[in-house]
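A.B. asks: Summarising the annotation, TrEMBL assigns coiled coil to 29-63, 168-198. What TrEMBL records for 113-193 is domain 'BAG'. The region 'Disordered' annotation in TrEMBL covers 1-21.
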Amino acid sequence: MAQAKIHQAKMTEAANGKFSRSMSMADRSGRLLESLDQLETRVEALREAATSMEQERECLLDMIQSIKNSEEMRSICDGEREELSLTANRLLGRTLTVEISVEIIRNSTQEDALRKATSLIDELVAKLLDDMGGARKCLMALHAACVTEAPPVPIDTKFQTIVITCALEDQKKIKRRLETLIRNVDNAEKNIKIMDHQKVDDLNSANGK
């Protein structure tokens, strides 16, 4: 009978020990899960910060190029223009030394959509020199497909369907690329008009008018 009591006590102790270990594992699992949740928040914050830096790099490059090609740069004397151009080129070079890459996770459908969207934009870029005005209208239609508010221009519905299929990060990049292209086209048209106006002025001066 004494042996039976000892055996029962051992069984009870073993059962209690197993239950205690099980609770400890659950607590440990919960702590690990909480740590991973916190790390996930930091990882997403890191990606957002890197994306923001990537956009800032693009913005800086665009602003430097705009200053280099601006009307104000053409209106100053050659010596000052040369000095400012050297400074702009130095800033351009330093900005280009900063490389930021945020890999976008895509499925096969999103990859195919990105290829189609990129191809359509590249085709328009190739046509810019031949028909800048027509290409600009097409760029505006593509850009209208990327915005949520009602645009004042026609929307390229085919492109809109493609963009919607892209990953969200790619949608934002496509929109920014189109905005940069449209801005560059506007600047180019402005510069062409300025150069043409200067040519007319020079011709009039040569003719004594």
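We number each residue from 1, going along the chain as drawn.
Glycine is treated like the rest: Cβ placed from N, Cα and C.
No curator has checked TrEMBL annotations; they are predicted automatically.
Map these features onto the structure and tell me what's around them.
C.D. replies: Looking at the domain 'BAG' (113-193) alone, the prediction's average pLDDT is 89.
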A.B. asks: Using a Cβ-Cβ cut-off of under 8 Å, list the residues of the same chain that are 6+ residues beyond the ends of the coiled coil (29-63) and lie near it.
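C.D. replies: Residues 91-92, 95-96, 98, 100-102, 169, 176, 180, 183.
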